[in-house]
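Asker: Can you keep this structure in mind? I'll have questions shortly.
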Amino acid sequence: MAKKAILVITDGIGYSSGMEYNAFYNAQKPTYDKLFSNTPHSFIETHGLSVGLPEGQMGNSEVGHMSMGSGRVLYQDLVKISLSLSENRFRDNEAFRELLAKSSRLHLIGLMSDGGVHSHIDHFMGIADIAAKEGKEVFLHLITDGRDVSPTSAKKYLAQVEKHLGANIKIATVSGRFYSMDRDNRWERVQKGYEAIVKAEPKTTLNPSEYIDASYAKNETDEFIEPIAFDGYDGMSDNDSVLMINFRSDRMREITTAIGESNFSSFEKSDIKLHVATITEYDKNFSYPVLFKKDSPKNTLSEVISSAGLRQLHTAETEKYAHVTFFFNGGIDEPYENETRVLIPSPNVRTYDEKPQMSAKEVGEVVLKGMDEAYDFIVVNFANGDMVGHTGNLEAAKIAVNTVDSELGKILQKAKEMDYSVLITSDHGNCEEMRDDDGNILTNHTAGKVWCFVEAEGVSRVEDGGLNNIAPTILKLMGLEIPKEMDHSLV
């Protein structure tokens with residue numbers, strides 16, 4: 001018979017060696033003090049490659065819960081594409097090969113920066129180099145950023161692009177993201193981007209660097225640079241291939257629709273036949289080939305528990321409800337069989353330092369009731385450490401930690417009485433670094449470690465690991481088989 005287990009996610013509570021501005025270290029936390037003395041615990045990595053993000057990038061709640069719930073490292077699109085290029089696998093991508101085979105001309109359209117939010121310049125240039133080596137004529141349609149990076153950094157990125165130019169690679173157009181990456185159906189903006197990219201209208205005799213300087217002289221920063229085509233580019237032709245290289249979808253849907261959809265009617269467009277592909281899936285209704293399809297992890301923790309015929313309870317307040325349901329279940333909206341979800345409303349305040357307790361008490365009560373109702377598995381998220389950490393208010397963050405500590409105490413006490421194993425960890429840190437060394441307020445997540453405590457019969461040691469090890473550890477505690485797709489248990 002399966003044993004019962006609880007996973008407590010203390011959102012935004014992590015480890016830092018710094019003490020002065022550490023809300024966790026300075027809070028009243030008798031439950032944690034006992035855990036440190038009496039309970040096996042270890043460190044967990046929550047950022048960078050350990051959760052499928054670029055090296056050094058801080059973790060976030062979405063990837064943290066996906067990693068915990070799936071029991072494996074799910075590489076984010078940016079990393080997946082970067083690895084494909086660095087390991088020389090991109091050139092063999094089936095959809096890419098088919099796109100190259102359709103035309104001698106390839107247009108690459110995307111955001112020219114290293115912001116890593118929508119695109120990466122290394123992807124842009126890496127793909128251009130591969131296509132050029134295959135003998136294709138490559139036209140670059142550079143969208144200037146100025147939002148995820150400095151507002152006047154375009155020339156820095158242009159200098160990187162220019163190192164790759166040659167007989168087969170040319171800059172065709174430049175346009176600010178305000179135009180070519182609109183997402184609010186402001187079609188008059190998109191039209192300007194479209195006309196430069198597809199029709200080569202309007203045109204300038206200036207080179208790209210001179211054109212950017214001229215834009216700055218008119219007080220147009222990178223985001224707002226007017227779309228323009230350069231001498232030597234005469235627009236797209238019938239049967240040209242087009243690859244949209246942004247991996248984030250929301251700001252590429254409109255320009256992709258305008259370029260690729262034959263029944264598009266929001267403005268007048270050219271009647272030419274193009275072969276369009278997208279690097280990731282932008283919209284379920286698009287029929288374009290996709291180079292990197294979304295992974296839907298099979299055999300997640302929730303799925304395995306449901307398949308075993310066991311009952312599970314997922315609960316959090318509003319701020320983290322999607323994380324313990326949709327993200328924890330690997331991007332699945334619908335609950336599994338025998339999965340109950342309980343949403344507790346977050347308090348209606350402007351910022352959570354006004355009420356650092358948030359709705360933790362009510363969330364805790366759902367867990368206690370869940371034990372009374374003999375759920376086999378309970379996952380709960382306490383949002384306080386993260387949401388109050390984001391306000392930058394150290395005193396409020398100490399109250400947030402104390403509140404979570406109090407709820408942990410009640411859960412651990414009852415779990416002992418009801419024979420539940422308990423695993424306590426965090427998706428990422430935040431409140432342990434409220435200011436930097438100079439006393440400046442920090443509101444961001446940290447890129448450090450978090451703790452993993454395991455209160456369970458027969459467990460005397462917990463290995464260090466990552467969030468990908470949490471699901472297999474829960475299954476081990478429950479006496480259920482760990483599926484082959486998952487990584488190893490920490491106990």
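Even glycines carry a Cβ here, placed using N, Cα and C.
In case it's useful when we look at the structure, here is the feature table from Swiss-Prot:
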| type | residues | note |
| --- | --- | --- |
| ACT_SITE | Ser61 | active site, phosphoserine intermediate |
| BINDING | Asp11, Ser61, Asp427, His428 | Mn(2+) 2 binding site |
| BINDING | His118, Arg147, Asp148, Arg177, Arg183, Arg248, Ser249, Asp250, Arg251, Lys320 | substrate binding site |
| BINDING | Asp386, His390, His445 | Mn(2+) 1 binding site |
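Looking at the shown structure, what environment does each listed feature sit in?
Answerer: In sequence order, Asp11, Lys320, His323, Phe327, Asp386, Asp427, His428 constitute the residues six or more apart from Ser61 (active site, phosphoserine intermediate) in its chain with CB-CB distances below 8 Å.
Secondary structure at Arg183 (substrate binding site), taken from DSSP and collapsed to helix, strand or coil, is coil.
Remark: His390 (Mn(2+) 1 binding site) has Gly12, Tyr352, Asn430, Thr443, Asn444 as non-local neighbours, by Cβ distance under 8 Å and separation of at least 6 in sequence.
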Asker: To the nearest whole angstrom, state the Cα distance for the pair Arg183 (substrate binding site) and His445 (Mn(2+) 1 binding site).
Answerer: 27
Asker: Report the residues of the chain - excluding Asp386, His390, His445 - with C-beta within 8 Å of the mean position of the site's C-beta atoms, for the recorded Mn(2+) 1 site, in sequence order.
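Answerer: Checked against the 8 Å cutoff, the neighbours are Asp11, Gly12, Ser61, Gly385, Met387, Gly389, His428, Asn430, Cys431, Thr443, Asn444.
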Asker: Rounded to the nearest Å, what's the C-alpha distance separating Asp148 (substrate binding site) and His445 (Mn(2+) 1 binding site)? Just drop the number here, would you?
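Answerer: Here the two Cα atoms are 17 Å apart.
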Asker: Of the binding-site residues listed here (His118, Ser249, Arg251), which is spatially closest to His445 (Mn(2+) 1 binding site) when Cα positions are compared?
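Answerer: So, spelling it out, the nearest of the binding-site residues is His118.
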